[in-house]
There are 6 protein chains.
Amino acid sequence: MLHILFFLSLLFYASNGAVQDFCVADLTAPEGPAGYSCKKPAKVTVDDFVFSLGTVGNTSNIIKAAVTPAFATQFPGVNGLGISMARLDLAPDGVVPMHTHPGATEVLIVAQGTICTGFISSANSVYLATLKQGDIMVYPRGLLHFQINSGKTPALAFVSFSSANPGLQILDFALFANNLPSALVEKTTFLDDAQVKKLKAVLGGSG
Amino acid sequence: MLHILFFLSLLFYASNGAVQDFCVADLTAPEGPAGYSCKKPAKVTVDDFVFSLGTVGNTSNIIKAAVTPAFATQFPGVNGLGISMARLDLAPDGVVPMHTHPGATEVLIVAQGTICTGFISSANSVYLATLKQGDIMVYPRGLLHFQINSGKTPALAFVSFSSANPGLQILDFALFANNLPSALVEKTTFLDDAQVKKLKAVLGGSG
Amino acid sequence: MLHILFFLSLLFYASNGAVQDFCVADLTAPEGPAGYSCKKPAKVTVDDFVFSLGTVGNTSNIIKAAVTPAFATQFPGVNGLGISMARLDLAPDGVVPMHTHPGATEVLIVAQGTICTGFISSANSVYLATLKQGDIMVYPRGLLHFQINSGKTPALAFVSFSSANPGLQILDFALFANNLPSALVEKTTFLDDAQVKKLKAVLGGSG
Amino acid sequence: MLHILFFLSLLFYASNGAVQDFCVADLTAPEGPAGYSCKKPAKVTVDDFVFSLGTVGNTSNIIKAAVTPAFATQFPGVNGLGISMARLDLAPDGVVPMHTHPGATEVLIVAQGTICTGFISSANSVYLATLKQGDIMVYPRGLLHFQINSGKTPALAFVSFSSANPGLQILDFALFANNLPSALVEKTTFLDDAQVKKLKAVLGGSG
Amino acid sequence: MLHILFFLSLLFYASNGAVQDFCVADLTAPEGPAGYSCKKPAKVTVDDFVFSLGTVGNTSNIIKAAVTPAFATQFPGVNGLGISMARLDLAPDGVVPMHTHPGATEVLIVAQGTICTGFISSANSVYLATLKQGDIMVYPRGLLHFQINSGKTPALAFVSFSSANPGLQILDFALFANNLPSALVEKTTFLDDAQVKKLKAVLGGSG
Amino acid sequence: MLHILFFLSLLFYASNGAVQDFCVADLTAPEGPAGYSCKKPAKVTVDDFVFSLGTVGNTSNIIKAAVTPAFATQFPGVNGLGISMARLDLAPDGVVPMHTHPGATEVLIVAQGTICTGFISSANSVYLATLKQGDIMVYPRGLLHFQINSGKTPALAFVSFSSANPGLQILDFALFANNLPSALVEKTTFLDDAQVKKLKAVLGGSG
């Protein structure tokens, strides 16, 4: 039995040299370029590695859609591990408007319904598809893409990202929902002044 | 109109300098450490970026489970993009046996049923959970983990990986389904000779 | 003297084990996720590492601007080295329209003139600045940004990227200069039909 | 002499802009996904970069083997540099049991004695070798492998890892030396109940 | 209008999950292997992303040259983004002596004058060029290189690096401007004792 | 038995989706920025993963030292895995002259004898140590360093690198053993003309 204790103590010595296979986010400590600081291993529990995307998002809004993220901020277990998820709910006629993820590739899987989706490449090619339950699509990192419920029933999709913090830049928000002056929007997008002002009014932008 | 053509030609010149946002796998060309060679952009179509995981896997087997991968080999659009997926079907009492993905973190989402699952860390802590529909769990890179259908109905899950080629090392296959000599298995696992030979017989191993 | 030859032969043996500090792009060989294949070291010359951005771009176009890239495709020496450059010429009133680089951070330095520029973050904050000669600005990876000549003389800037192949997605091209159907553009951007069709006509888009 | 001082002051200005070629681990500050925080450069000494693996490990244990790590936790100079080492002592008949390093490739060099070793790939191929003094072997990242002293004298090996914190998951510990319930071990490994309970008893596992 | 507020609140919820597209350096918080800690997003302003390299460096020194860095320490906006810049001023006959950047590839663009420059590869090939205004050259990571003003007027160049903290090791400083004992310098470089002592005296080295 | 065959066929299907845990170098196929192309898995044998550094290097040369590399070119199994090794033999008074590895951190372990060694940082600090058997030292990426046998008996060390292709730039070779013109060497190093010409003659340089 003595030998066994030696076995345990000696090899655990080695094992303890590598306590960190993961770095569960400690949102109260400094954040660095690679992500949040790590919680002390002794404080980590299975709850850090489990999250629920089981609640239907509220689609009673103008886009009839909801995005529920499970990024490192919400789901601390993925911090530093190069992956995260989100849930997409689309009521009939719902749309996730044109957007990009500045730091990640996305893969989408349709769990319910039918989704018309696509992305546009740097070479300006359009890749469009209509996805049914069980279909997956990949959107390469940083490219404009969108999802539309093209069926008559609610659609549900789950998306995964190649980053624990993929970012999300919604085109209409970037152009019309902040204080970027209308003159600059018009100059850099060739949109008409009336169009810009109309969408600024709808989305709460100023300037 | 002349100006517009200038606009197009000049800026597309810049744009063409960056034709590759992606590197769709060309399985017939050389493979390198970062993945497969890229298909010529002109030959890429939307079909390269879409794949179906919509077919129920055949669970009429000893483990009552099936894994359907959408890695770069099956789903060429993810090549080089640091992400991939797979589908898990588990009949009642089905199990995806203890395994690792040598090169990737995994995130699982339960689409149907109830799954008992867990992983073991380098520090030898066990993180166990029972997941219901909509729950997600992350398994940090390279650690032993498993999934069991703990409900009475078929379970379905989709898993995402932080690599286009995550690898899959099933423990029982590594120990009992190849020509690794029984003496070496026993010496390095402390399993009894009878146990090793029994499982080698079941799984088709020799030696 | 014999010893010296030994010195040379033995240590060069080691040195030759590491012939590749670089991977000059061979545009005729397969491309992979990490970049182009490498030219044979014996065929590499200093010309592979030198490129001219000394020619003023032609700004006689609708945007009164020109972008001249020195990405791996044009400048093979940067292949695999995680950096590249481009030249920006902006006539008075010229504009580089709203765009992103899906795979790279950009740093710009003003060589001549005055440039009004900015980017929008994922959190929808706007970062705007007017840059004079010698000023530099960084645009984090994947975010929408633009440059406008806000002076009365031609402006010249040089930009560097954190990738040998940064990509370039010009917003107006992605929305209006390809075959993405107008209905989808409208649905995913909330732009009016007349606006979309007007810009599609200007930029040569169909659908 | 004035010029020389200028020389020093001006160029050191540049040099001081890049004080950190390394990030010696400060074990008292927050840890992040990329490793430990850095000690202040002024407090770094050569002792941070030097470590001794010169002491023979205590092999008076059940496996007749000892692993002495020089990971970032023990050897702070390697923090953030993507490399670390360990020492392996194997008495005659000693064994480093089946294990993986979740986050690193390993290269082993035999300093004394004879070592029988091998790894198993994802494709379930077995790569076995008997190594003599001066032989090296590489074990790709995350795959199961082992080392056995197959000679009649003590064996000594040094191993290097492609990470400052490679992790170490010993199969028997993961299965039998924690509180993972026997029923789950059996269900996910197909091992017999008696076998599992026997090894749990030996290795101190519960459940 | 209610719907619009829903739209904003729901989607910003998603957006806020990804507040950090950047990690502006907080020089007062812990530094890690991936760079400085991040300033709180709310404290970030456009000034963090803008820096001036517009001031001519003081070349009244022995090398008739000046290097003005815009690395993460000076220019906090580039922290974690894999890119940085510097300004080179070279009076006639000025020289940036033989040096390396341990952690980055460099690209140089000539803004004024004529620069004779080159690098030496691991395979001991010399790549030499004389650059005029608008010419760019890439120096692969970690290799010895230099710049000389080979014209009759002041030269100005801007350099970009593939790291926010590229490092700078000036050969003469490493050999002659510290306390590395002369005997070790001579033994490891084959330089004569008189030569070493002469340069140590000039550059302020001891030992 | 039928069930078992199903088990094998179904799960191997998954397993075969991930055939490549490694990328053994095929020296006859194109090389890319991430390394050599991969040998077909079916042609890979254990010999690809094993290499001998067991032969004493020939130290009958001017530096009384020999370096025997096991980089990807010599040892194809490490290709793409971010690690490699080399053997250092130093006769009494032998020296591995001042050098850098442009692309890798190095860790050295002394197997026999006594080695005086050190490196110089970007901040121009000198880190010097005398290592005995079993001592290890880390040399951060890209910094000048050297090794000297400071004992009376032959010294042997093994070094590991954080890259499969670390590069090796020997300072004297870069300055004196190629066609870099003496005038440029002198201008960029402040060495005297006589010193430069003397070493060019010894080392076979021209110009």
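Just so you know, glycine gets a Cβ as well, placed from its N, Cα and C.
Automated prediction, rather than curation, is the source of TrEMBL annotations.
Per TrEMBL, the feature Mn(2+) binding site maps to B:His99, B:His101, B:Glu106, B:His145. Among the features that TrEMBL reports, oxalate binding site is placed at B:His101, B:Glu106. Under the heading disulfide bond, TrEMBL lists B:Cys23-B:Cys38. What TrEMBL records for B:51-197 is domain 'Cupin type-1'. What TrEMBL records for B:1-17 is signal peptide.
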Across B:Cys23, B:Cys38, listed as disulfide-bonded residues, the smallest other-CB tally within 10 A is for B:Cys38
For the binding-site residues B:His99, B:His101, B:His145, which one has the sparsest Cβ surroundings, going by other Cβ atoms within 10 Å?
B:His145
Candidate nearest B:Cys23 (disulfide bond) in space, where candidates are the binding-site residues B:His99, B:Glu106, B:His145 and distance is Cα-Cα
B:Glu106
What are the non-local neighbours of B:Glu106 (Mn(2+) binding site), defined as same-chain residues 6+ apart in sequence with CB under 8 A from its CB?
B:Val138, B:Tyr139, B:His145, B:Val159, B:Ser160, B:Phe161, B:Ser162, B:Pro166
Per DSSP (three-state), B:Cys23 (disulfide bond) is coil
Roughly how many angstrom lie between the C-alpha atoms of B:His101 (Mn(2+) binding site) and B:Cys38 (disulfide bond)?
24
Rounded to an integer, what is the Cα-Cα distance in Å between B:His99 (Mn(2+) binding site) and B:Cys38 (disulfide bond)?
31
Take the recorded positions B:Cys23, B:Cys38, B:His99, B:His101, B:Glu106 and keep those with a Cβ under 8 Å from any chain C Cβ; what remains?
B:Cys23, B:Cys38
Hey, for the Mn(2+) site built from B:His99, B:His101, B:Glu106, B:His145, who else sits with CB inside 8 A of the CB center?
B:Thr100, B:Phe119, B:Tyr139, B:Leu143, B:Leu144, B:Pro166, B:Leu168
Counting by DSSP secondary structure, give me helix, strand and coil numbers for the domain 'Cupin type-1' (B:51-197).
22 helix, 59 strand, 66 coil
